[in-house]
Amino acid sequence: MKTVTVKDLVIGTGAPKIIVSLMAKDIARVKSEALAYREADFDILEWRVDHFADLSNVESVMAAAKILRETMPEKPLLFTFRSAKEGGEQAISTEAYIALNRAAIDSGLVDMIDLELFTGDDQVKETVACAHAHDVKVVMSNHDFHKTPEAEEIIARLRKMQSFDADIPKIALMPQSTSDVLTLLAATLEMQEQYADRPIITMSMAKTGVISRLAGEVFGSAATFGAVKKASAPGQISVNDLRTVLTILHQA
């Protein structure tokens, strides 16, 4: 399997990498949160742009991105607008969503973008091509905060992301039972062993799914999300606890 390298970080080998999400509604809070996050132990900074109030002002959005880049220059920066339909804070049109991601790509300030699989096939393919032309990696994602589909469907979605040339396919699902967590883990393992030619990220959410956030190295998930302050999704644990467990499992 090929790995993905962003700055000096190699994703897809060794212990799962830790991603933290920064959620701030204005530039002042972006600045203060960035200073607080700078001391935390993580690998990738995800900026959840759907929490930012002044979305219609692209200059304001990019000014905030510049603050993050300058405050933590060594950390890979993942630009994510999570749509309302997949659990995000704001609803915007597909056109606005694509334009926002294109602006991030063109800015030269971000290393990675999150692109939702179900945005529309043509728009997704075009945006991936645009990102790659600017040496920006694409995490292609799908989130279901209500249920966990069958393993075959999970694998089909991840394979579709791979066929669209996502650098890292990602899926996050809500379990209704412990067996749903096993479904996610089994699908992850099958994808990793039989189909994946690049790193994937998978997780089962809420308290029920916490094991999936810790056992990525065993089953084939290359990264996991931790919390510096407020969790960006149900079931996230603190980065310090997360690093401890990931290290124990890696060294066992």
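Positions of Cβ are set from backbone N, Cα and C atoms, glycine also.
According to Swiss-Prot, the features are:
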BINDING   Ser21, Glu46, Trp47, Arg48, Arg82, Arg213, Ser232, Gln236  3-dehydroquinate binding site
ACT_SITE  His143  active site, proton donor/acceptor
ACT_SITE  Lys170  active site, schiff-base intermediate with substrate
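Positions of Swiss-Prot features highlighted on the structure.
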residue	record	CB count, 10 Å
Ser21	3-dehydroquinate binding site	25
Glu46	3-dehydroquinate binding site	22
Trp47	3-dehydroquinate binding site	29
Arg48	3-dehydroquinate binding site	19
Arg82	3-dehydroquinate binding site	23
His143	active site, proton donor/acceptor	22
Lys170	active site, schiff-base intermediate with substrate	26
Arg213	3-dehydroquinate binding site	26
Gln236	3-dehydroquinate binding site	23
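The two recorded residues, the residue listed as 'active site, schiff-base intermediate with substrate' and His143 (active site, proton donor/acceptor), have Cα atoms 9 Å apart. Under DSSP, Arg213 (3-dehydroquinate binding site) is assigned to a helix (H, G or I) in the three-state scheme. Secondary structure at Glu46 (3-dehydroquinate binding site), as computed by DSSP, is strand. Here Gln236 (3-dehydroquinate binding site) is positioned 15 angstrom away from His143 (active site, proton donor/acceptor), judged by their C-alpha atoms. A coil conformation is recorded for Arg82 (3-dehydroquinate binding site) in the three-state DSSP classification, outside any helix or strand.
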